[in-house]
Amino acid sequence: MSTSSSNGLLLTSMSGRHDDMEAGSAKTEEHSDHEELQHDPDDPFDIDNTKNASVESLRRWRQAALVLNASRRFRYTLDLNKEEHYDNRRRMIRAHAQVIRAALLFKLAGEQQIAFGSSTPAASTGNFDIDLEKLVSMTRNQNMSNLQQYGGVKGVAEKLKSNMEQGINEDEKEVIDRKNAFGSNTYPKKKGKNFFMFLWEAWQDLTLIILIIAAVTSLALGIKTEGLKEGWLDGGSIAFAVLLVIVVTAVSDYRQSLQFQNLNDEKRNIQLEVMRGGRTVKISIYDVVVGDVIPLRIGDQVPADGVLISGHSLAIDESSMTGESKIVHKDQKSPFLMSGCKVADGVGNMLVTGVGINTEWGLLMASISEDTGEETPLQVRLNGLATFIGIVGLSVALVVLVALLVRYFTGTTQDTNGATQFIKGTTSISDIVDDCVKIFTIAVTIVVVAVPEGLPLAVTLTLAYSMRKMMADKALVRRLSACETMGSATTICSDKTGTLTLNQMTVVETYAGGSKMDVADNPSGLHPKLVALISEGVAQNTTGNIFHPKDGGEVEISGSPTEKAILSWAYKLGMKFDTIRSESAIIHAFPFNSEKKRGGVAVLRGDSEVFIHWKGAAEIVLACCTQYMDSNGTLQSIESQKEFFRVAIDSMAKNSLRCVAIACRTQELNQVPKEQEDLDKWALPEDELILLAIVGIKDPCRPGVREAVRICTSAGVKVRMVTGDNLQTAKAIALECGILSSDTEAVEPTIIEGKVFRELSEKEREQVAKKITVMGRSSPNDKLLLVQALRKNGDVVAVTGDGTNDAPALHEADIGLSMGISGTEVAKESSDIIILDDNFASVVKVVRWGRSVYANIQKFIQFQLTVNVAALIINVVAAMSSGDVPLKAVQLLWVNLIMDTLGALALATEPPTDHLMHRTPVGRREPLITNIMWRNLLVQSFYQVAVLLVLNFAGLSILGLNHENHAHAVEVKNTMIFNAFVMCQIFNEFNARKPDEMNVFRGVNKNPLFVAIVGVTFILQIIIVTFLGKFAHTVRLGWQLWLASIIIGLVSWPLAIVGKLIPVPKTPMSVYFKKPFRKYKASRNA
């Protein structure tokens, strides 16, 4: 039997490509140049999609160029050695489990003298008549003889004091007793890194280690020459600043680690249905206990070890345990079920016999430490950018080092008192070493500032922040890269049922007895025989349930939304659910199949009568019918009425109703296979059916969906509906949701049936896919074909899905979005993001957050590169011209702290704005630094460099310091430069918030963290300048100089407005940078 999926269907949608963007601008005429740049096959940092990338491709870029401080740089990215280790571990997972099992049994044998293979009756465990170790051993070893010894599944259930039909009691005390006796369904997790491990990793930065060595050397020389009281200041201040950077880095990393750990815990907390006290209730997987009866459906994860009570066509995918992609059929001959496996086909009920650490899955999970590391395309590109900038910074630092040493040893440098620092034959060795250490420290500190370590941190911060906030917006991120990829989505292929609609279904129209019923659920006009057949077909051909509370309260109906609607309708017709199920038995079932759009059961009445009941898509079931039962209970030929029923189906579909037909037929008992093996292979007859009823089910559109679709359209994201429903129903819902704007649009291929699409050639599908807005009567494979066609056209595709058979499309799409409520565990595991409320509006929020991730990273890049450029030019020019630098080592470390940690924290946590949804999608290969960013950072950098260099060379006269002591005047001037430089960065943080907007303050009140960080930075700067003079090489400034510093920083605001009036070329700057290299490479290859 083919693998089937649950009732929900997926939708797929995509739009035209928007490859090139300029902070959200449209495509340009110079597209060819840009496209040529984007598809550079030799670019080691060009990995546009890491979703299914191999370890080899991810390793390639790490080895492609010199990488500074690799151990620290890559602390946020995937550990490829660990990934390979886990792959090997998974391949040997079965052998690993067997070793653990043998060790456990050996331990138990030693401690409790339990003999292997013993047939001694089990000792009791608490109030239960079965021993925990024997129960666990039976299930793990899949020992049929032990199972028979206990009296089969029924005997085990009795010993566990559980009812195979109603489960255990709902009493909380009983659940606690079972946890005490048999354990809980949890397992001990390996401890993650503690804070000290993060502290050690932060310490691994090569430049910081060099600075510490320089600080220790300076400390020793200083104490030796100047004494302890004054001599410790230079070296001690550098050492303290380095330690501060290390601690702040470790704290930041540790916080992000805890956040990701909490999100991982959310991912593992599966919600599932169990039978307790005869009713179906939803609980956490952690609350499953031994004795629970759990219904299993296609796509479910087996939540614990157990044995099969009953099932039909039940097939289990055990690859997660065995490492082999093999589907294993389960029946009474092979009833053992292993935790962690997936239901590939069929339905069944299981009795839980082992939970948590007492299962193989629990032992494996406890023994394997889960790593949250994952490579994202943005991290790859940022590390490439950071490496390039780091190499530039290293080169500049070497130039400065050589220049300072040359100037020093040629006697052209002076100390603060104006005296020549080096005089051959006069200057002592200790002074020379001390001066050289200071020079070396300056060069190393330039590297610290130049190497943008904050870029990877900014990615981690913004991803962690976004993931936490997306949880509040009902989206659980399973794969980090999906956050940023969602910002590039050009099309969303959305399911209809439950995503665009409420998934709250009711039967509002019924055709039965050959005519339309006046009241959909009033049986007065129907013959009892017809009502009886409808009732039997509904009661038996369902995975739902009806529970009658003992206190006489309202009836509780469980199952999928469609089944609940039909069960409720049949109950009102007079269906006796429990009676029907007790008087007849299902001998074979064909679970609902999303390919065939129908499901059926063979029911044995008494000893000789067999009825086959079918339920499914109305027009498909109708096509299989040759008769219908009229209101008198007699059978009539359907030929004369077929057109009437077709018109009825079309009419209901146009009113956005889902049409479901119920039909049956009789079957001679001698034509039913006798042996179970033959019965499992038996294909239920689906011809010569008798039509019993057609129902129209209303599933209202979700409030807010129309607005969400409008937002997507204005954001350049095409929404497409892909549904298994009738094309007319799909069209009606699409019009209601705004996916189709008018009836005139509803022509092929804008709306198309899945069958028509799948019969096209591959080239034709690619052409047609661009135009499709609605696809009706589609199968999961049709959705996969649509996704493939759209991706070949260059679209970045997001797909929603909930069924097991949707897994290939979810995996193929750039972003797979599974449904948290209606989605199967198989679909969730194949997806990148889980939409917790199944709401399309939440999908749109994910798009906003995806764009926000990219935008926040760009804000931080603009801010950090401005600091990099300004600090480098100021120190290099000053060093080359005067032999000294105005920004000292400790000061640059403080600036580094502002940039790398505080700046990243402030800008990476900017919430998304409506402005983001007025842009077209971010191009998959759009340059990280856009022309707008280049303009902004160059304007600010040139301003800062100009002002601060003027202060450096003419500051004494400008500030009126000529009449003061020269050494003190130089200290005041340098302090002023440092203070003004920091003020520029504080005010420029506001500019970085809005790279392409005039009003940089818009929404600042919505980010209190940003305001707090700016305030804290300002206060700390006051403390450093005013109270930590000896430590930071500063002196106190008067209020006039403070005001001047603030004004210098404040000028960056009007300057930013003026700068934004400067037009920028449409061709990305990176094209001009790369063209000479490409031409050189081409000439060499020629």
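Here the Cβ of each residue, glycine as well, is placed from N, Cα and C on the backbone.
Annotation note: ASP495 (active site, 4-aspartylphosphate intermediate) sits in a coil segment as assigned by DSSP. Summarising the environment of ASP495 (active site, 4-aspartylphosphate intermediate), the number of other Cβ atoms within 10 Å of its Cβ, over all protein chains shown, is 30. As annotated by Swiss-Prot, active site, 4-aspartylphosphate intermediate applies to ASP495.
Sequence annotations record features per position, and here Swiss-Prot assigns Mg(2+) binding site to ASP802, ASP806. DSSP assigns ASP806 (Mg(2+) binding site) to a helical segment in the three-state reduction.
Under the heading compositional bias 'Low complexity', Swiss-Prot lists 1-15.
Look at Swiss-Prot and you will find 16-42 tagged as compositional bias 'Basic and acidic residues'.
The region 'Disordered' annotation in Swiss-Prot covers 1-50.
Look at Swiss-Prot and you will find 57-68 tagged as region 'Interaction with calmodulin', backed by similarity to another entry.
Per Swiss-Prot, the feature topological domain 'Cytoplasmic' maps to 1-194 (among others); the stated evidence is sequence analysis.
Taken from Swiss-Prot, the feature topological domain 'Lumenal' covers 216-233 (among others), and the record attributes it to sequence analysis.
Positions annotated as topological domain 'Cytoplasmic' by Swiss-Prot: 255-382 (among others).
Counted with DSSP, the topological domain 'Lumenal' (403-439) comes out as 18 helix, 2 strand, 17 coil. Per Swiss-Prot, topological domain 'Lumenal' is recorded for 403-439 (among others).
Annotation comment: Swiss-Prot describes 458-857 (among others) as topological domain 'Cytoplasmic'.
The topological domain 'Lumenal' annotation in Swiss-Prot covers 877-887 (among others). Within the chain, the topological domain 'Lumenal' (877-887) has long-range Cβ neighbours (under 8 A, six or more residues past its boundaries) at 400, 403-404, 407-408, 412-414, 442, 871, 895, 948-949, 952-953, 973-974, 977-978, 981.
Residues or ranges marked as topological domain 'Cytoplasmic' in Swiss-Prot: 909-928 (among others).
Residues belonging to the topological domain 'Lumenal' (952-963) score a mean pLDDT of 82 in the model. Per Swiss-Prot, the feature topological domain 'Lumenal' maps to 952-963 (among others).
For the topological domain 'Cytoplasmic' (989-1006), residue counts in helix, strand and coil come to 8 helix, 0 strand, 10 coil, using DSSP. Among the features that Swiss-Prot reports, topological domain 'Cytoplasmic' is placed at 989-1006 (among others), with the record citing sequence analysis.
Packing against the topological domain 'Lumenal' (1029-1038) from elsewhere in the chain are residues 233, 236-237, 240, 888, 890-891, 894, 968, 971-972, 974-976, 978-979, 1045: each is 6 or more residues past its ends and has a CB under 8 Å from a CB in it. Residues annotated as topological domain 'Lumenal' in Swiss-Prot, with sequence analysis given as evidence: 1029-1038 (among others).
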Task: Stretch with greatest number of CB pairs under 8 Å, the transmembrane segment (1007-1028) reference, 234-254, 858-876, 888-908, 929-951 candidates - done: 888-908
Task: ASP806 (Mg(2+) binding site): tally of other CB atoms within 10 A of its CB - done: 35
TODO: State the residues, same chain only, that lie 6 or more residues beyond the ends of the transmembrane segment (929-951) and have a CB under 8 A from a CB inside it; answer 'none' if no residue qualifies.
DONE: 21-23, 385, 858, 861-862, 865-866, 869-870, 873-874, 877-878, 886, 958-959, 973, 976-977, 980-981, 984, 988, 991-992, 995-996, 1048, 1051-1052, 1055-1056, 1058-1060, 1062, 1064-1066, 1068-1070
Open item on the list: Between the Cα atoms of ASP495 (active site, 4-aspartylphosphate intermediate) and ASP806 (Mg(2+) binding site), what distance do you get, rounded to the nearest Å?
Closed with: 11
- [ ] Would you confirm whether the transmembrane segment (888-908) and the transmembrane segment (234-254) meet the contact rule of 3 or more C-beta pairs below 8 angstroms, pairs 6 or more apart in sequence?
- [x] yes
- [ ] Grab the same-chain neighbours of the topological domain 'Lumenal' (952-963) for me: Cβ-Cβ under 8 Å, and only residues 6 or more beyond its ends, written as numbers and ranges.
- [x] 874, 877-878, 881-882, 886, 969-970, 972-973, 976-977, 1041
Task: Cβ neighbour count within 10 Å of ASP802 (Mg(2+) binding site) - done: 30
Task: Secondary structure content, the topological domain 'Lumenal' (952-963) (per DSSP, counts of residues) - done: 7 helix, 0 strand, 5 coil
Open item on the list: DSSP-wise, what's the residue breakdown of the topological domain 'Lumenal' (1029-1038) into helix, strand and coil?
Closed with: 4 helix, 0 strand, 6 coil
